[in-house]
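As annotated by TrEMBL, NADP(+) binding site applies to D:ARG48. The FMN binding site annotation in TrEMBL covers D:ARG125, D:ALA126, D:SER127, D:GLY284, D:LYS299, D:PRO300, D:THR301, D:PRO302, D:SER303, D:ARG325.
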4 protein chains.
Amino acid sequence: MSGSILGDLFKISTWGESHGKALGVVIDGCPAGVNLTELDIQADLDRRKPGQSPFTTPRKEKDQVEILSGVFKGKTTGTPISLIIYNKNQRSKDYSALKEVYRPGHSDYTYDAKYGFRDYRGSGRASGRETAARVAGGAVARKLLASLGIGITAYTYSIGPVTIEKTNFDKDFIQKNFLYMPDRQAAQQAEEYLTGLIKGNNSSGGKIECVVDNLPAGLGDPVFDKCDALLAKAMLSIGAVKAFAIGSGFSAAEMTGHQHNDFYNYNEQGKVIKQSNNAGGTLGGISDGSQIKIQVAVKPTPSIEKTQPTINRQGENIDLNIKGRHDPIIVPRAVVVVEAMTALTLTDLLLKNMTAKLENIQKIYC
Amino acid sequence: MSGSILGDLFKISTWGESHGKALGVVIDGCPAGVNLTELDIQADLDRRKPGQSPFTTPRKEKDQVEILSGVFKGKTTGTPISLIIYNKNQRSKDYSALKEVYRPGHSDYTYDAKYGFRDYRGSGRASGRETAARVAGGAVARKLLASLGIGITAYTYSIGPVTIEKTNFDKDFIQKNFLYMPDRQAAQQAEEYLTGLIKGNNSSGGKIECVVDNLPAGLGDPVFDKCDALLAKAMLSIGAVKAFAIGSGFSAAEMTGHQHNDFYNYNEQGKVIKQSNNAGGTLGGISDGSQIKIQVAVKPTPSIEKTQPTINRQGENIDLNIKGRHDPIIVPRAVVVVEAMTALTLTDLLLKNMTAKLENIQKIYC
Amino acid sequence: MSGSILGDLFKISTWGESHGKALGVVIDGCPAGVNLTELDIQADLDRRKPGQSPFTTPRKEKDQVEILSGVFKGKTTGTPISLIIYNKNQRSKDYSALKEVYRPGHSDYTYDAKYGFRDYRGSGRASGRETAARVAGGAVARKLLASLGIGITAYTYSIGPVTIEKTNFDKDFIQKNFLYMPDRQAAQQAEEYLTGLIKGNNSSGGKIECVVDNLPAGLGDPVFDKCDALLAKAMLSIGAVKAFAIGSGFSAAEMTGHQHNDFYNYNEQGKVIKQSNNAGGTLGGISDGSQIKIQVAVKPTPSIEKTQPTINRQGENIDLNIKGRHDPIIVPRAVVVVEAMTALTLTDLLLKNMTAKLENIQKIYC
Amino acid sequence: MSGSILGDLFKISTWGESHGKALGVVIDGCPAGVNLTELDIQADLDRRKPGQSPFTTPRKEKDQVEILSGVFKGKTTGTPISLIIYNKNQRSKDYSALKEVYRPGHSDYTYDAKYGFRDYRGSGRASGRETAARVAGGAVARKLLASLGIGITAYTYSIGPVTIEKTNFDKDFIQKNFLYMPDRQAAQQAEEYLTGLIKGNNSSGGKIECVVDNLPAGLGDPVFDKCDALLAKAMLSIGAVKAFAIGSGFSAAEMTGHQHNDFYNYNEQGKVIKQSNNAGGTLGGISDGSQIKIQVAVKPTPSIEKTQPTINRQGENIDLNIKGRHDPIIVPRAVVVVEAMTALTLTDLLLKNMTAKLENIQKIYC
């Protein structure tokens with residue numbers, strides 16, 4: 001019943017609700033010797049926080065992170081690293097009207113079914129705000145991966161009907177627009193689409209794509225802790241995510257063996273390369289050294305300022321119009337969460353893979 | 001590095017390779033008092049086994065299961081249940097030619113990268129054959145769920161370009177055709193499609209859909225062990241699966257809030273029902289009592305009798321033509337595996353959810 | 001490598017070093033609906049804190065706990081409960097002289113061997129101070145157990161050669177003396193013994209005994225997660241503990257079957273009682289409903305103001321005299337830690353035991 | 001509730017009851033490349049099996065082990081290793097009389113309390129027979145440790161009042177006497193003591209000591225997965241064990257700091273040695289490179305041919321005289337079980353420790 005812990009060797013334990021005093025994460029199992037400061041973590045948090053664009057929640061939170069343990073003279077000590085982010089700008093009075101009602105598309109009903117009652121302020125633990133703790137933990141994982149040359153890049157792949165064009169792909173543009181799209185024209189069209197939706201008190205879904213480069217081959221533990229299986233779990237754990245795909249994804253269902261198989265060959269330097277990458281970077285659930293490519297689908301924000309039929313705790317059918325602050329679109333803020341979850345998953349696999357063969361053990365102990 | 005164990009309270013530990021002596025599973029944590037015999041398990045295994053149709057591997061295996069422990073006078077004792085299935089029909093001489101080569105689309109390369117070497121006979125542990133152990137374990141989970149009225153039904157949703165029509169949906173037809181499609185016409189078209197592919201030494205992908213009825217509300221442990229996240233992990237752990245979706249899946253990305261939100265209301269009997277089910281049965285990662293609906297995409301079988309370029313262990317680029325027995329399509333045999341993985345995942349969640357609220361604990365101990 | 005997480009269903013994740021900013025614990029998996037306030041936790045922390053008696057460290061710490069999440073309107077919500085205790089009185093300048101040396105009886109040497117370097121201030125993570133986080137977590141477990149009538153009482157059984165007499169046993173006296181002994185005369189003698197040792201710049205070991213009443217029968221999961229095995233692990237995880245015994249403990253080695261077997265009988269009310277309790281409350285690793293009785297041995301505090309030969313990082317043999325603040329005896333402050341660890345272990349077993357039989361599952365879901 | 005799985009990276013999952021068809025273990029997470037054959041495992045099983053001496057159960061079992069998976073051409077593949085031992089000599093008719101009664105000192109009562117009913121033949125899962133599976137798993141762990149020069153030796157330290165003399169210690173004699181004592185005179189006295197007890201239809205307890213040499217420093221994961229804590233859990237999980245001690249054990253309670261601290265110094269070759277070893281090989285829960293020394297106390301066999309008062313399921317107080325086969329002393333057969341549990345615990349710690357510092361990760365991946 002303790003669902004807030006992730007990982008086997010590189011473990012994170014997250015805590016905190018939208019309107020509680022603070023949020024945080026404890027990282028247990030980070031190897032000693034990794035350089036780490038608040039700045040490393042703040043960078044990723046700054047990409048996630050609300051109030052940054054016309055398309056996200058106006059709630060202003062600095063999301064200032066503080067390291068409380070596990071780091072000494074700028075290096076991780078191998079002991080648990082506790083990170084804390086204080087909530088400054090919760091406005092609890094917005095939610096008392098929602099105490100007894102079950103908002104469509106939100107987890108009010110299911111939290112009550114599970115726990116018997118819930119913290120109804122701003123979705124409590126179910127709030128997207130809890131992802132701040134994940135991003136903080138993910139930043140530490142990322143630091144470790146970066147020290148091995150492993151890079152993770154996620155971006156908005158589509159918003160509603162507007163999809164990026166691979167021919168316009170500009171990696172540097174990702175951080176330069178509110179929608180985190182790597183395609184200037186698509187970003188323009190998407191903004192227009194969203195502006196229209198906001199006028200109609202509506203919201204939009206979208207897709208996020210994430211690639212990983214330089215991941216060593218061998219990561220993943222068949223048969224249940226495969227690399228792609230753990231990535232799927234990590235992605236679906238992000239609120240509002242409805243689907244996951246790796247490589248060819250759903251299109252694989254309509255392909256034939258002739259079309260789908262990726263062919264290996266050694267290039268002139270003797271390095272193994274693939275002529276295509278329908279696999280998406282794994283085979284048999286184990287990374288093959290090529291680029292990992294995954295995609296997730298994000299549903300539209302459920303909170304919309306529109307009257308909707310629903311029910312309340314007293315057994316009545318009612319109409320509901322949700323006031324308060326909410327995102328017209330979640331996708332851009334979820335981009336760094338996708339990176340964080342990818343980093344956490346791959347770091348744990350990287351550590352676990354070290355014991356796969358006896359020669360590694362001998363390298364360390366002999 | 002021990003990736004063959006699944007679950008927290010209802011745990012399974014699977015073992016066995018394609019050409020080893022046997023396969024099996026140990027179920028640890030099954031509550032005492034569940035009625036269980038070999039017949040319960042054999043039924044599901046019979047749906048999975050090879051050699052049953054013109055569209056699957058000709059290898060003949062009885063897949064006869066035997067219960068070695070954990071059951072006394074027809075009831076589970078609460079102690080570990082060991083199930084074993086002996087391999088009878090492995091033909092090891094087929095594979096010696098493949099000892100040094102890395103077949104495209106198979107995990108030969110990644111297993112070598114991870115472990116340093118591999119059992120090259122019939123894909124060893126990476127063989128689809130290991131799913132027999134999962135199906136055996138899943139049958140026990142399913143028995144427990146059935147005793148609570150929870151039913152799981154999976155079927156082939158599409159093969160290549162041939163998709164079922166919901167208007168032709170016939171649940172009883174699923175078990176009456178080799179392709180496990182619930183639509184007579186689609187099954188016909190799919191057979192024609194496959195017959196053509198076989199002639200061309202080709203293979204096909206497809207999609208499987210799975211629904212769960214009567215699941216209690218409340219199952220799932222935020223934030224990382226959500227019901228949908230664990231289902232995603234379970235599905236992606238099945239070999240050849242490239243994508244997972246729940247409810248609206250990837251189409252959610254193009255929907256708006258107005259379109260996507262499911263509305264609750266109380267019917268005349270005071271029962272909570274939903275007017276639509278884009279959520280697919282969960283909200284905030286917790287089951288809501290409505291039907292769970294998931295889909296997976298399966299890639300085409302990589303082994304095809306066609307010359308393909310690849311590499312070998314000696315650093316050479318070669319051409320390869322794979323003789324031997326293999327499936328032209330995996331999808332139909334994966335249907336019962338999808339049911340098994342769903343059963344295992346939901347049983348574990350069902351048990352974990354029992355401790356969600358103090359009143360449950362008091363019900364048991366006071 | 002993540003050794004700071006304990007439990008399977010009722011999990012705690014502790015963090016914090018002696019001279020870091022704070023210490024804390026995240027409790028993940030506490031059922032919703034348990035009444036909880038800071039006062040519940042502060043009571044146990046106040047029994048642990050330093051600076052309370054002439055026999056313990058003069059370091060003054062308020063050990064004020066704060067609940068940061070997981071509680072709403074005085075009840076646990078079922079989401080993670082984060083507790084924090086800020087360090088106020090760390091005096092880091094005391095330790096710079098010890099940066100390069102390995103103090104006898106401390107973990108300086110082993111932490112360096114494991115992690116490559118360490119936070120050398122006040123033993124860092126190895127400091128007894130980390131037990132404050134355990135006590136905070138244990139207080140929550142205890143609240144839950146108390147609601148089911150389960151009581152845990154620990155006390156000092158002996159200090160050096162001074163042992164309590166069962167005939168003088170006075171439960172109420174435990175909280176009335178610094179040494180937490182339940183025997184007025186023994187407490188007197190022990191104080192004299194310790195006063196003598198302090199003069200000689202020496203320290204003492206001792207034993208702690210702990211009893212649990214009203215624990216339901218059935219707790220413990222053979223064969224590896226037995227009740228007594230998990231208690232042993234919990235106790236040996238407390239710093240300075242060198243031994244664990246349950247029931248007859250080491251004396252069982254010299255007993256015969258005739259002497260050791262406890263006989264059951266039904267009393268007049270039909271309740272099962274035992275005529276003796278050499279078992280100590282478990283059989284086959286499962287609780288039998290009678291009193292659990294365990295004992296631990298605690299070594300003398302290693303830090304003593306006496307010149308001792310040791311080594312430093314530079315490969316030299318040196319002499320060392322440790323100035324600074326340290327306990328001449330740990331035992332009294334470890335008493336509440338023993339209670340906390342017992343509470344945590346038994347709460348987790350209590351939750352896990354709920355799924356032992358099908359009838360329990362039916363009680364909850366049907 | 002799944003208590004039959006041990007370990008985090010090197011995991012074993014055991015199964016099987018005394019009178020079931022077979023017993024076995026699945027080892028998941030053994031690194032690839034370890035040389036392994038049935039002979040490696042059979043050697044340890046032969047030391048455990050019944051029917052070998054006048055002092056142990058006359059039940060004749062070959063305990064022949066078979067490797068069913070996870071090994072290819074004499075080396076572990078990194079995939080799960082399944083080991084099976086068929087029961088040949090169960091005599092079920094011996095136990096029907098015990099169906100309804102709760103034998104003193106056995107777990108009949110607690111298994112019924114937990115599960116609602118039990119396999120009453122020969123103690124079912126609670127039988128000492130299940131340790132055969134542990135010994136099989138432990139033999140694999142031992143193989144891996146031996147390849148790194150790590151050696152584990154256990155022996156009977158005392159039987160009843162007869163204790164070995166360290167001055168008579170003869171390691172080679174251990175395997176040459178039924179009682180596995182390393183002291184010829186003590187073995188003689190102990191045999192006389194036991195012969196007397198057998199005549200009186202009685203049984204005896206004893207102590208087992210175990211030492212580990214050449215264990216690298218650094219093993220153990222504070223604060224809960226310390227090396228000594230995990231060893232304590234492993235030992236208390238062995239049926240009939242009532243106490244655990246490391247190093248000075250219970251005597252530490254009566255020592256002072258002056259007496260207890262072990263002093264380090266560098267010898268002429270620059271190697272770190274200790275002048276004493278009250279610590280028993282760990283500090284702060286982490287191994288320090290010196291000899292690990294642990295002790296366990298084993299209670300007398302509860303099954304004795306003597307009339308004892310007890311209860312039955314029908315609520316009655318009865319007298320019971322247990323016929324059937326049972327050990328007059330367990331200690332000698334538990335010696336190899338202690339070694340197996342030590343090997344399993346330390347192997348898991350050895351693997352987990354590999355990720356303690358970043359430089360190790362760089363050694364493997366750069």
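Quick reminder: no glycine exception, Cβ is built from N, Cα and C everywhere.
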Assigned element (helix, strand, coil) containing the residue listed as 'NADP(+) binding site', judged by DSSP: helix
D:ARG48 (NADP(+) binding site) versus binding-site residues D:ARG125, D:SER127, D:LYS299, D:SER303 - nearest by Cα: D:SER127
Close in space, distant in sequence - D:ARG125 (FMN binding site), Cβ under 8 Å, 6 or more apart: D:GLY16, D:GLU17, D:SER18, D:TYR111, D:ASP119
Other CB atoms within 10 A, centred on the residue listed as 'NADP(+) binding site': 26
Sites among the binding-site residues D:ARG125, D:THR301, D:SER303 close to chain B [C-beta, under 8 Å]: D:ARG125
Among D:SER127, D:THR301, the most crowded of the binding-site residues [Cβ within 10 Å]: D:THR301
Other C-beta atoms that fall within 10 angstroms of the C-beta of D:SER303 (FMN binding site): 22
Chain-internal residues, separated by at least six, CB under 8 A from D:LYS299 (FMN binding site): D:GLY105, D:GLY205, D:ALA240, D:VAL241, D:LYS242
Reduced DSSP assignment, D:ARG125 (FMN binding site): helix
